[in-house]
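Below: one structure, written as structure tokens.
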């Protein structure tokens with residue numbers, strides 16, 4: 001029996017239309033109530049002059065799911081009403097009349113299980129160059145628990161890492177070997193030994209030290225692991241150094257990782273620029289080989305820093321936790337790199353929470369249940385020194401790696417003295433905190449007292465004092481004034 005003519009007329013009109021507005025094609029539904037199984041995304045959009053914000057939001061939903069520029073009859077061969085993403089809410093951005101927050105819901109069946117590459121191809125693959133929108137930024141996402149459970153997450157996590165290192169109750173300490181380029185393998189190993197012997201837990205390759213003419217990767221691995229073993233024997237502590245296995249092909253990265261494992265390394269490192277498939281592959285390798293995976297967020301500033309266009313680092317942090325890294329650089333707030341204190345704390349929450357609660361002051365727009373995924377150890381690195389120890393512990397607590405590169409290797413008395421200065425400052429601050437003192441306000445006094453019996457710390461404070469890089473952050477909260485760390 002044929003359907004009534006009125007029922008047939010509606011789809012016929014739709015498919016005869018050629019080009020329709022996205023909101024008329026079903027990509028806007030202001031009455032939609034997101035389901036627990038929906039994947040949610042929040043975009044900051046800047047529509048072109050004269051473009052309706054609701055239409056712009058519907059366009060984002062359409063172009064990140066099933067739409068193209070014209071109506072296609074093959075929609076009728078799919079469950080198109082289910083597969084269409086739905087923009088369901090548009091809010092003006094506070095104090096910015098040109099921008100709007102656009103909330104979009106995606107049915108879970110649009111995404112492949114356990115694949116960040118597939119997720120990103122949909123969510124950010126096409127919409128950011130769409131002409132009706134001047135600029136777009138992916139601010140936050142919420143993943144349903146069913147989707148989270150398709151990822152293995154970090155292979156080690158914070159608790160297991162502390163158990164392997166036998167180090168509890170304080171932040172971990174590290175340093176990036178400097179200069180990042182130009183050292184021979186032997187001299188590189190000497191720097192690693194001095195830093196670990198002086199009291200650091202980790203040393204680290206920088207993002208662009210791979211295998212250059214001045215130092216082949218195999219030489220670096222050999223000299224570094226010799227230094228790690230000697231420092232461990234001298235101090236009685238478990239030590240490590242992040243060996244960067246980033247290379248031009250996955251096959252070469254696996255080869256370097258296997259060599260690091262054969263030398264007894266407990267940790268390897270990769271750069272963010274290797275891509276999501278590579279990150280997940282290396283995470284799987286680390287899980288199979290009981291290795292810690294450290295990720296340096298090289299290149300992230302090209303798309304995370306600008307507030308009007310790109311992808312917020314809180315989203316990158318969520319993807320990285322799903323992808324399975326054990327460490328990730330998340331900012332310092334007080335160092336040389338971009339970072340508003342409240343916004344950076346939001347990144348740390350994403351790494352360390354079992355359940356992340358909505359917190360607009362820290363840029364967290366959604367609740368996120370991380371199910372059984374292990375926690376990621378955040379890393380604070382870039383322009384920090386012993387004189388900021390009280391600020392760092394106040395901001396980030398214990399579960400963090402504090403990496404003092406220049407703040408160790410630039411010490412006037414040498415590398416080992418620089419490491420000792422940082423270790424003494426850390427121990428003094430943790431002790432004072434555990435005794436109930438207000439370390440944020442009393443921090444300088446606590447450091448000066450500790451420096452009375454520690455020459456390296458005294459020299460560090462004399463050299464760097466209370467130096468901070470006080471520039472106005474670019475990526476700040478829209479719902480709170482920029483916070484001071486002092």
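Cβ atoms are placed via backbone N, Cα and C, with glycine included.
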The substrate site in Swiss-Prot includes 126, 176, 180, 329, 381. Which of 89, 218, 297 is also listed there?
297
Recorded positions compared (178, 180, 297) - highest count of Cβ atoms within 10 Å:
297
When the Cα of residue 180 (substrate binding site) is compared with the Cα of each of the recorded positions 204, 206, 207, 296, which one is closest?
206
Looking only at C-alpha atoms, tell me how far residue 296 (active site, proton acceptor) is from residue 204 (Mg(2+) binding site), rounded to the nearest Å.
10
I need the most crowded of these recorded positions: 204, 296, 329. Count other C-beta atoms within 10 angstroms of each C-beta and give me the top one.
204
Cα distance (Å, whole number) from residue 381 (substrate binding site) to residue 206 (Mg(2+) binding site):
11
Note down the number of other Cβ atoms within 10 Å of the Cβ of residue 126 (substrate binding site), including every protein chain shown.
15
Calculate the distance in Å between the alpha carbons (Cα) of residue 204 (Mg(2+) binding site) and residue 178 (active site, proton acceptor), and round it to a whole number.
10
Helix, strand or coil at residue 381 (substrate binding site), per DSSP?
strand
